[in-house]
């Protein structure tokens, strides 16, 4: 009884220390994505328009693309010198690069040096994260008692979502405290700078941790791998499992993760024109209610196996994404709704100015409209009067923004985002235990990190970038971008259903 | 089930090159549109990133298909 209590206390400390560091690394990684629109305005010329957002998303994606390389570099280190020191190093790299992003001057000060410097720091972030997750998951799994590996590793699985939650929370809080103008001008740097404090706390806690008992035993027996990379990828028996993990599980898991937790918010903000805070509040509520399900599904996978829980999440995503996003479009189509359900219109506010770098006059007339169902939005009519009075006057442009939902529609949108995050918990909750059980201890850190980071980082991380790019094709619809996650999840579901065994390994001491 | 695994192995081996071909066709089409100044997105850089990333992944899919076709996944190793 006392021994059991000691084991539980020990594993609780292990989970707490590992999770805190991993959570902070995810926070560091995600604030960039959550601020993509504002960072795009700071890093690129002000008239870059949609290409600024896509280029910023490309820099955001670059961090994901290098994650597999981080997995190789730090995974190798972790299998050679141990789990503890390796993920201590990744934490320092992540914290330092995030802090420095907060100090980068804008495009107006240093020109294209600004995006280049951010790109370099973003690559360092990606490398660090590539080394972090595999270490934390392996470390916890190697401490976990038999039959409860899914439950204990699922705590590590909550950290990515909680890191996103924390990043959104800090951003919304900072913006509300400073006001929209100051936040867009300089306040966006604060979430990056705050990171250094969190990292220092986490480093202190991690310094006190002990090495994994499984790795310590391996080291004492002199069985540590001399060349983990070679063993992982040149031995067919291991390499075929790396490929199976990638194509049958992590690839589908990655796109479900990033569609539910990133693309949903990006779609609501950029396509449905929801207010900046509103789109983030919706995601915050959804994450808050869905996060406990990581542990529920992780724990359940100890009883019924990992495979079908993960694959069901993928299948539901494939089937439900288009109807869900169609609802988002219909529920926020204020242009059509105002034809029959306009309740009130505010007094117009007229702003006059000049078109950038030209002498043409720019007249913007803005009104706030309220519909019968409580939805409000800002409608601006933009008229350009050419300086040359003989030149033709362009057609006025109507711009809709800052849509805020209310009542039933607001709750339905939260529920639909919650459902998407629930699918994330199904595919992501059991996956750490699944990956740990696929590979032997000597090469576990290296072998599980690579498919995880290609699946989650590359396939998943590219969702906002590729989906936005696809939706920009001529002839595409706002829903066209969804074909990328749907296609990848379908392929992963088929491969996983046919090739993966629904097994639960009793021991990882091999 | 093993027969299906092997048959699908051929499908995966073919799918890898097909995806790369599809990406190249999309890239040349979309970059041409961007070059005419119709769109400011879909630049050579953006498409180069996508193609560069997916070439090794598609190579991995071909190898996966080859292993499946050879029966490597008929029985997975026990722990």
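Quick reminder: no glycine exception, Cβ is built from N, Cα and C everywhere.
Those TrEMBL annotations? Automatic predictions, nothing curated.
Straight from TrEMBL, the features:
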DOMAIN    A:14-504  domain 'Major facilitator superfamily (MFS) profile'
TRANSMEM  A:26-44  transmembrane segment
TRANSMEM  A:50-73  transmembrane segment
TRANSMEM  A:85-104  transmembrane segment
TRANSMEM  A:110-130  transmembrane segment
TRANSMEM  A:151-174  transmembrane segment
TRANSMEM  A:186-205  transmembrane segment
TRANSMEM  A:241-260  transmembrane segment
TRANSMEM  A:280-301  transmembrane segment
TRANSMEM  A:308-328  transmembrane segment
TRANSMEM  A:410-436  transmembrane segment
TRANSMEM  A:457-476  transmembrane segment
TRANSMEM  A:482-500  transmembrane segment
#### Entry: Distal contacts, the transmembrane segment (A:151-174) - CB-CB under 8 A, six or more residues away
11, 15, 18-19, 22-31, 34-35, 133, 136-137, 140-141, 143-145, 183, 187-188, 190-191, 194, 257, 261-262, 277, 280-281, 283-284, 287-288, 290-291, 294-295, 297-299, 302, 421, 424-425, 428-433, 436
### Query
Cβ pairs under 8 Å with the transmembrane segment (A:186-205): which stretch of A:85-104, A:280-301, A:410-436, A:457-476, A:482-500 has the most?
A:85-104
### Message
With a cut-off of 8 Å between Cβ atoms, can you find at least three pairs linking the transmembrane segment (A:280-301) to the transmembrane segment (A:482-500)? Only pairs 6 or more residues apart in sequence count.
### Response
no
### Message
For the transmembrane segment (A:110-130), give me same-chain residues lying six or more residues beyond its boundaries with a C-beta closer than 8 angstroms to one of its C-beta atoms, as numbers and ranges.
### Response
25-26, 28-29, 32, 39, 42-44, 55, 59-60, 62-74, 90-91, 93-94, 96-98, 100-101, 104, 449, 453, 457
### Query
What stretch of A:241-260, A:410-436, A:457-476 shows the most Cβ pairs under 8 Å to the transmembrane segment (A:308-328)?
A:410-436
### Query
Which residues, given as numbers and ranges, are at least 6 beyond the ends of the transmembrane segment (A:241-260) yet have a Cβ under 8 Å from it?
160, 232-233, 310-311, 313-314, 317, 321, 417, 420-421, 423-424, 427-428, 431, 434-435, 438-439, 447-448, 450-452, 454-461, 463-464, 467, 482, 484-485, 488-489, 491-493, 495-496, 499-500
### Query
Near the transmembrane segment (A:457-476), which same-chain residues lie under 8 Å Cβ to Cβ, leaving out any that are not at least 6 residues past its ends?
33, 36, 50, 53-54, 57-58, 60-61, 63-65, 67-68, 126, 129-130, 250-251, 253-259, 262-263, 266, 270-271, 482-485, 488
### Query
Against which stretches of its own chain does the transmembrane segment (A:410-436) lie, if we need a Cβ under 8 Å and a gap of at least six residues from its ends?
137-138, 140-142, 149-150, 153-154, 156-157, 160-161, 245, 249-250, 252-253, 256-257, 259-261, 264-265, 268, 282-283, 285-287, 289-291, 293-298, 300-302, 306-307, 309-310, 312-314, 316-317, 320-321, 324, 327-328, 331, 444, 448, 451-452, 504, 508
